[in-house]
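Feature annotations, reproduced from Swiss-Prot:
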TRANSMEM  35-55  transmembrane segment
TRANSMEM  75-95  transmembrane segment
TRANSMEM  108-128  transmembrane segment
TRANSMEM  143-165  transmembrane segment
TRANSMEM  177-197  transmembrane segment
TRANSMEM  322-342  transmembrane segment
TRANSMEM  354-374  transmembrane segment
TRANSMEM  400-420  transmembrane segment
TRANSMEM  457-477  transmembrane segment
TRANSMEM  479-499  transmembrane segment
Amino acid sequence: MSLFSSLVHNVRGQLIARIISFAINMYLLRRINNDVLGLVNVRLTLLYSSILFLTREPLRKAEIIRGSLPKFINLLWLSPIISTVISVVCVYLWYAFSSTSDEVSWSVLLSFPISAIIESIAEPFSVISLRLESKCGSLAQHFAIGQGMLICVKRIFVLAGLFMFPGMYHLELFAYAQYIGAIAYLLFNFVAFYIYIRNKSIPELEQFSTFSDLFPKFSEGIDRDSIHAVFTMFSHSILKQLLTDGSAYVMTFTELLSLKDQAVYDAVERVGSIIVRTILSPIDENCNAYFSNTIRKESSVFNKNTDNHDDLVDTLSKVLHVVGVIGFVACTFGIPYSPVVISLYGGKLLSENGGALLLSLYSGYILVTAINGITEGFAMASMDNRQIFTHGKFLFVTSIIHLIINYVLCVYMNSAGFIVANIINMSVRIIYNWRTIREYLGDKCPSFTEVLPTGQTSIFLGVSLLATSFTYLLFATTPGLSYTLAHIAIGAVCLILTAQDTAQHDSVFTVIVDSLAKKHRD
């Protein structure tokens with residue numbers, strides 16, 4: 001199965017879930033106390049996401065495919081142990097050094113790390129889904145459905161709980177949602193893979209004769225080089241997490257922002273990251289697996305063609321162009337439509353607390369994070385041990401600088417400083433990653449200008465920015481639904497015309513559109 005087909009399944013699977021979650025969040029912002037949202041969406045969610053990221057990242061990206069399938073499976077089942085150890089450390093840090101423990105009960109606080117541990121039990125199935133490409137696309141669909149279900153179940157439970165248990169404390173409702181979502185996700189993975197193995201419906205899973213082959217066999221042991229690779233990647237993951245969520249750590253362990261301001265920042269970030277989570281994250285996940293599997297020539301567990309570097313370079317070039325165009329489109333339409341989106345999504349809470357400015361800045365962040373996701377995935381897959389060690393030192397230095405910049409800019413710019421700090425951080429990482437890619441590919445390295453839209457698309461984007469900025473000043477600043485709808489309608493026309501021109505005249509997108517059309521006909 002091609003990388004493009006995997007991406008289609010992943011994006012399509014998560015798109016519906018993100019739309020449902022987005023709609024429910026619109027309601028929750030108007031129904032739940034701002035301080036509760038600040039606690040849950042920033043401090044407690046950071047605890048949960050830190051545990052999951054540090055558990056998942058090493059296993060999904062490290063070079064752990066080394067010839068022995070049982071040893072590979074044994075290594076994957078270290079994920080619950082790793083998650084438990086990380087949870088103990090993180091809970092201590094949150095309890096001792098943040099103010100979260102003063103505002104939530106132990107039962108609520110522990111629900112987030114415990115749910116992360118439950119989800120980590122299903123991590124072996126997720127890694128297998130990412131590492132094995134199925135010709136029929138079932139594994140790509142499985143991963144996308146699982147991630148989408150995890151998102152939806154939690155939000156739907158909270159929404160239903162508000163009506164079914166109106167007297168329940170909202171923090172407890174979020175805690176129960178964590179458990180329900182994690183258990184549903186775990187059961188989905190177990191049941192689905194049991195059916196896959198029993199029915200032998202997926203060719204890549206035929207090497208597992210029984211369902212028990214997916215579980216550890218202690219007599220086989222674990223490959224030492226793979227363990228070393230995981231722990232090396234783990235150290236990188238700690239630094240990457242600090243770089244990725246530096247603003248959330250500053251908010252959690254300092255008192256620079258009130259819980260209300262934290263809720264506003266998180267809500268804006270959720271709106272701004274809808275493109276990141278729905279489109280760019282699935283692209284990153286599939287491309288990271290593709291680059292890792294293709295570049296690692298010594299892998300013999302999976303039957304991969306790892307010799308065709310021309311295809312590798314071509315794929316890198318095309319993916320960079322796709323995410324670059326997506327980022328520029330987000331910038332173009334994000335700036336003039338930020339006030340409208342903020343008003344519709346969060347009402348007065350966001351509109352009256354600088355939400356429009358934050359979302360406009362976030363539009364620029366989307367562009368740099370889109371490029372960084374691809375360049376970093378390729379760079380990490382191509383690094384040898386010496387380069388990985390050097391990269392670790394780079395991340396260590398930049399993570400410290402990033403936290404300092406976050407703190408300083410927050411003092412002077414409030415929450416807007418976090419987004420500016422993230423843009424600076426991502427830009428520096430892109431420069432470092434591109435240098436690594438150039439060293440690996442040499443003369444075959446594509447030009448970095450591949451991220452830019454074509455000249456014709458750039459003209460359409462420029463005209464769209466001017467037109468929508470004018471209509472914002474003309475219509476959106478005037479109270480009244482009809483004026484707002486006029487502003488939205490003109491933007492929709494500009495977006496459709498830009499998309500149509502890009503699909504017809506941009507060679508990369510022309511191939512994508514033709515592939516989608518052919519797949520639909522088949």
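Here the Cβ of each residue, glycine as well, is placed from N, Cα and C on the backbone.
The shown structure was predicted, so the numbers you read here are calculated from the model rather than taken from an experiment.
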Original post:
When only pairs 6 or more apart in sequence are counted, do the transmembrane segment (400-420) and the transmembrane segment (457-477) reach 3 or more Cβ pairs under 8 Å?
Top reply: no
Original post:
Residues of the same chain, at least six outside the transmembrane segment (354-374), with any C-beta under 8 angstroms of its C-beta?
Top reply: 264-265, 267-269, 271-273, 275-276, 280-281, 283-284, 287, 316, 319-320, 323-324, 326-328, 330-331, 334-335, 338-339, 341-342, 346, 414-416, 419-420, 422-423, 426-427, 429-430, 433, 451
Subject >> Recorded stretch that, among 35-55, 108-128, 143-165, 457-477, 479-499, has the most CB pairs under 8 Å to the transmembrane segment (177-197) >> reply: 108-128
Subject >> Whether the transmembrane segment (143-165) meets the transmembrane segment (322-342): three or more C-beta pairs under 8 angstroms >> reply: no
